[in-house]
Amino acid sequence: MGRMGRKSKREKKNEKTGDLSWGTKNKREGYDVVIKENAAFETYYKAQNIVPHDEWDSFMSHFKEPLPASFRISGHRNQGKAILKIMEGEYFKALTEEQAKPECLSWYPENLAWQLSLTRKDIRKSEANVKLHNFLVSETEAGNISRQETVSMIPPLVLDVQPHHKVFDMCAAPGSKTTQLVEMLHAEEGKIPEGLVIANDSNNKRCYLLTHQLKRLPSPNLIITNHDASIMPNFHISTPGGGKEILKFDRILCDVPCSGDGTLRKNFDVWMKWNAANGASLHGLQYRIVRRGAEMLTVGGKMVYSTCSLNPIEDEAVLHRLLAEAKGSLELEEVSEKLPGLKFVRGLSRWIVMSRDLTAYSTPEEVPESMKHILRESLFPPKVEDADKFHLERCLRILPHHQNTGGFFVSVLKKVALLPWEAQTERKPVAEISSADSLVMPVEPTESGKDNGLRSPARKRQKIRGFKEDPYLFFDEDEELWPPIKKFYGLSDEMDPKLLLTRCKEGKKKNIYFTSPTVRDLTRINADRLTIINTGIKMFARSDNKGADCGFRIAQEGALALMEFMTKRRVVVTREDMSMLLLNDDMDTPPEIHKFSPEAAKQLHGIETGSTLMECYEDGLHIVVVAWKGKTSVRAYVAKCDRIHYLRLCGADLSKFEVNKFAVKDNLVANDPEENDQNDEILMNTENVANEEKIVLNNMDVTQEIAVERNVSKASTPEIAIEKGVLEDDMKQEIMGETIVSENVDSLKDVTTP
């Protein structure tokens, strides 16, 4: 009998002896059931008239239902359309239950975004559901699918990012919107864009989560910073004459911290903690962040202001305050035409301000003197005669019952002139701008000298907290590591070695990273005055081997960027060759060269031992895999998730990498009928492990490979033993890097943004 049987016997024995305390001390208690009711919430929003009276019941009932799963297919990769075709043809068609049919989001370009109403219980109902779930988890891990709430996809779309734009995401973690911005920046495949994306977050640990998420979509045009967005320092950039100037951004995403009452469907705590004072307590911070964003925006540039809150105090009131202060230099844009098919309601021009006890105030004059420090004038709507000039109706409100989503607010601001307080600093050279100028500029006081609700309090210079980052050490023209790398891989003179950097001051350089020219310029100038958490993609990793003429191998992360400059060690293979290479993941028996197609084998025989690129061009696909070419064999050097992804594109059999849970269940029943009661629990545990968004999924696969590599004595040939020694050190480096990230983000949860 199993463990449950033994436990039952022990309990029966204790009952006979009278000892009933055994086993009760550590028994788990059930979770408290969340009551999805909040009378204050309903009273408050009924007063705001954000929902027509006849839609109120539908509005509230949707808030009490589970939120559907939604995801995007990465649009900038050449495999995106192939993944869409596979998903629709192999996985969607196999679904038989009508409620499980995925829904394409019509307003998202090229049918790349989908919504799916499947609970964990639904997934276990059929083998087709399980296969779809495994597909989504696998491709998400590889970075080709992004699990993202439907409404969260909207802000980057209306921002309209182009490859030459300089983009700033002020409150970026956990990174789903930033991923979209990076995809849009790389819309033109095959070349490095001129622009860049800077992703910032005020929380140091969340910055490491952000770094991990964005590693799935490697870009040399990305910088991650750690600063309070409300007092964000300026970025300096070099001028053609050798001086410096303040960088102004073409696009800014300002998705601010909020009360999150639009996320009731997934964040159950909001039901219990929501009160009418939440909005007023966050209004000041939200205003300071969007105001700082407006200062950092170039004239003609656009900024999205968005929240996952339905509260007008956090939405329209913040914008009204900024627009009134800007005096015509900022305008709200009409963006609904960019989202065809999206259901929404217009922004509000009138709303009610309430205290925590739900006392309503229509004007600032009605607020008691004792409450004026809480319910400030800036929380109130514009006067009736002034409302039309602010065009708050151009804001979009997405409600849960419109298309079965969460609640959301989004708006687009365009900067048409310098802000009133910017004129005095705009013409100053960087050397003349004080440290205070680089933060928040105060607004002129009113005639009475009193705060009119449109001023920001003086902000203290923020302290740099968190982990001390390793330096960013860019190559000089005479870098001694560069000549052997350039010669070995046949890199053209067009590749500027000054775009390469390391993070190691002393000792051997373990990894070499690559950035775009703009990112290099910004990093070098600002590294000492800003907290830069991460930048660059890993292009080379140290791989000391006596049999190779170069001490660095190519990293899969940087392979596509390197191809533009690489003239040697590139092997074109057939789809069958690529499948054979990737299916063979046994470290002891790598594919031998003579098993490849004649043309591929001929190319491989002409290449000396070391890292190489294996490329497949068939049916419009472009697959590039880093491999290690030995004397007689070739081994793919990719993570398991990427291996599965490329095999899927090749149409190969993936059964060796997937677990058929239905087959597992049948085997359990056949082998031990007495264990039937435990089968569901076993399958549920398997399901939970597969469904969790784990930080260290890649590490698990790599660790297993290292365990095999360490067993060098079992290698069948000396060549394999040498290659294993090389791969072991490289794998360790990658694990150590990922482990640092996972330690810092293990317990993080994002409860305020979708």
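Glycine too: its Cβ is placed from the backbone N, Cα and C atoms.
Since we're looking at a predicted model, the values are computed, not measured.
According to TrEMBL, the feature region 'Disordered' maps to 1-22.
What TrEMBL records for 1-11 is compositional bias 'Basic residues'.
For 59-416, the entry in TrEMBL reads domain 'SAM-dependent MTase RsmB/NOP-type'.
DSSP classifies C171 (S-adenosyl-L-methionine binding site) as coil under the three-state reduction. What TrEMBL records for C171, A172, A173, P174, G175, S176, K177, D201, D228, D255 is S-adenosyl-L-methionine binding site.
What TrEMBL lists as active site, nucleophile is C308. C308 (active site, nucleophile) falls outside any helix or strand according to DSSP and counts as coil.
Note on C308 (active site, nucleophile): other Cβ atoms within 10 Å of its Cβ, all shown chains, come to 28. Counting only the Cα atoms, the space from K177 (S-adenosyl-L-methionine binding site) to C308 (active site, nucleophile) is about 13 angstrom. A 10 Å cutoff on Cβ-Cβ distances gives K177 (S-adenosyl-L-methionine binding site) a total of 28 other Cβ atoms nearby, all chains included. Within 10 Å of the C-beta of G175 (S-adenosyl-L-methionine binding site) there are 28 other C-beta atoms, taking all protein chains into account. When the Cα atoms are compared, C171 (S-adenosyl-L-methionine binding site) and C308 (active site, nucleophile) turn out to be 13 Å apart.
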